[in-house]
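Enquirer: One structure coming up, written as structure tokens, with questions to follow.
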């Protein structure tokens with residue numbers, strides 16, 4: 001049981017900086033200004049469900065995609081590391097706010113015409129929470145843990161769905177409490193936390209690249 005908690009804790013530490021619910025909160029507040037409370041709650045729940053579904057598909061179908069296209073684990077690690085590091089640099093040195101992204105602008109125009117338009121999948125679930133970096137990390141981690149003997153087989157079966165469920169619950173709670181979070185932390189606090197998470201992502205991305213290169217060297221040495 002202790003191994004299960006360790007696996008869940010490790011998974012949350014890896015995924016939460018990438019998912020970054022606080023950035024999604026700021027985006028949600030910018031897009032849901034004209035929605036009533038019931039509609040906001042519905043969008044929050046749907047976004048969380050979509051995030052859980054995306055992560056589950058990425059984890060269980062990722063290996064099939066790799067096998068189909070002949071992608072090696074070192075190659076995936078290097079590619080995933082580049083994506084994660086790039087996202088980290090963008091969070092560390094932001095050039096635009098989440099609300100100014102093309103997806104958010106498109107939804108803003110749609111909301112002007114139809115205030116009850118669905119913002120749960122795009123942009124809240126994807127790309128804000130379960131974007132390319134999150135998906136690449138999940139696929140790469142799935143390939144790594146299946147070859148690892150660190151955890152028992154039953155832990156590797158139970159932990160991933162629980163991790164994805166907890167990330168979805170954290171996102172749901174953050175969106176439901178978005179107003180309170182913004183009042184408590186403020187825009188400056190969210191930016192500071194996002195930059196800290198960005199630094200962590202750069203470190204994680206670089207380490208992914210190093211691990212991929214080392215595996216290639218071992219293979220051909």
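Glycine is no exception: its Cβ is also placed from the backbone N, Cα and C atoms.
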Enquirer: From the ranges 155-175, 176-196, pick the one that Swiss-Prot records as transmembrane segment.
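Expert: In Swiss-Prot, residues 155-175 carry the label transmembrane segment.
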Enquirer: For the feature transmembrane segment as recorded in Swiss-Prot, pick the matching range from 69-89, 90-110.
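Expert: Swiss-Prot lists transmembrane segment for residues 69-89.
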Enquirer: On the question of membrane sidedness, does Swiss-Prot assign residue 2 and residue 117 the same topological domain?
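Expert: No, opposite sides.
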Enquirer: Please tell me whether the transmembrane segment (69-89) and the transmembrane segment (155-175) touch - that is, whether there are at least 3 C-beta pairs under 8 Å between them, with each pair 6 or more apart in sequence.
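Expert: They are not in contact.
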Enquirer: Need one number: mean pLDDT over the topological domain 'Cytoplasmic' (176-196).
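Expert: 87, rounded to a whole number.
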Enquirer: Please give the sequence-distant neighbours of the topological domain 'Periplasmic' (218-221): residues at least 6 beyond its ends with Cβ less than 8 Å from one of its Cβ atoms.
Expert: 74
